[in-house]
């Protein structure tokens with residue numbers, strides 16, 4: 001296939017979503033450059049792969065490139081995008097570049113408010129177990145390969161579809177997975193109906209020979225079904241699901257469940273990932289594998305050897321009888337799900353949480369939901385809001401959130417104005433046998449790492 005080797009520049013190349021696409025393009029032989037405000041493990045990796053990395057955003061960084069790729073976090077007034085437009089260089093969203101990559105192969109896109117990253121990683125492992133060697137682009141680092149992207153030699157590509165700004169509608173996947181729909185990204189969507197409409201458009205973009213894979217246990221996903229006029233399959237715990245998990249049990253960090261397809265028993269899975277949410281993620285992956293003719297024995301083997309995803313209920317270490325975990329969860333639903341999984345895994349231990357709210361807009365739109373999301377934590381330390389490029393909103397801060405948490409009945413809430421003060425509070429609060437988990441999409445994981453280092 002003819003493919004001109006364009007020069008492609010990424011603004012914010014160190015982001016987890018941008019870097020995966022950049023890595024794939026480098027491996028395909030394209031000339032890739034990018035800028036970010038700080039150096040990181042990600043930018044260092046891309047530089048070693050041959051990328052040209054600039055620290056800071058400057059107009060001259062885009063000189064000579066053919067296209068500029070931006071994420072939704074990049075502001076309109078960014079000097080690089082402004083310079084590109086002045087020069088007539090196309091400026092496109094990340095999702096459009098990903099959609100172009102997906103056009104080259106048989107594509108599987110995983111969308112949903114929660115569980116996208118883990119489900120994408122499991123689908124990739126399932127297809128690999130079937131000998132399909134897929135290309136993978138994911139919003140988190142796969143522990144098995146140490147990266148968020150992999151160039152496969154097979155005819156399939158598996159990618160995470162980000163609904164946050166509606167740009168996932170640029171994709172036209174052959175298989176579209178919807179894990180769930182929730183009230184999220186309200187800075188972009190005006191209400192829940194608009195969110196559901198976006199997902200309805202997403203599943204409608206599959207070709208006539210394609211397939212939608214839908215979680216029947218998510219009520220907003222159920223609302224899509226009457227409007228779908230192409231082939232679809234459902235999964236869940238309910239008996240109405242085409243692919244059903246039954247007899248679910250948990251023991252420590254392990255889950256077990258029986259898989260039935262159209263009422264026929266396929267087998268029992270032992271999953272080395274905790275939580276009911278990972279049972280759902282696995283069901284979606286099984287559905288994709290079966291559609292692509294991966295034998296169930298291969299699917300089972302893949303699921304039972306999963307190594308997980310960085311920052312998804314990841315055990316960071318143990319010290320002095322204390323287990324330290326980390327999770328990316330930053331939405332009330334994710335927080336409740338994660339804490340349920342931790343309590344199921346460690347039913348006789350105290351659970352302590354260090355939470356860093358992510359974005360002022362999210363904290364504002366889901367404020368009361370956040371205030372009622374931590375009942376399964378024995379104690380809670382709340383850090384200042386991680387802005388993620390947003391400007392502060394008056395009255396929206398972690399002090400107000402702590403007051404609301406206490407007002408809703410949480411007995412042990414501590415406000416920590418810095419990571420250093422959070423560590424000081426933990427020294428006074430944590431005791432042997434506790435499970436300590438850092439929660440949030442920012443850099444809260446550093447508190448857990450510092451805690452482990454201070455006690456080693």
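In case you wondered, yes, glycine gets a Cβ from its N, Cα and C as well.
Listed in Swiss-Prot for this protein:
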- 112, 113, 114, 115, 116, 117, 118: ATP binding site (BINDING)
Neighbourhood of residue 115 (ATP binding site) by C-beta distance under 8 A, where only residues 6 or more apart in the same chain count: 179, 180, 277, 280, 281, 284
Shell list (ATP; ref centroid = CB of 112, 113, 114, 115, 116, 117, 118; cutoff 8 A): 110, 119, 179, 180, 281
Binding-site residues (117, 118), the one with most neighbouring Cβ atoms at 10 Å: 118
Candidate with sparsest Cβ neighbourhood (10 Å radius) among 114, 116, the listed binding-site residues: 114
All-chain count of other Cβ atoms within 10 Å of residue 112 (ATP binding site): 25
Same-chain residues at least 6 apart in sequence whose Cβ lies under 8 Å from residue 113 (ATP binding site): 163, 179, 180, 181, 182, 184, 331, 333
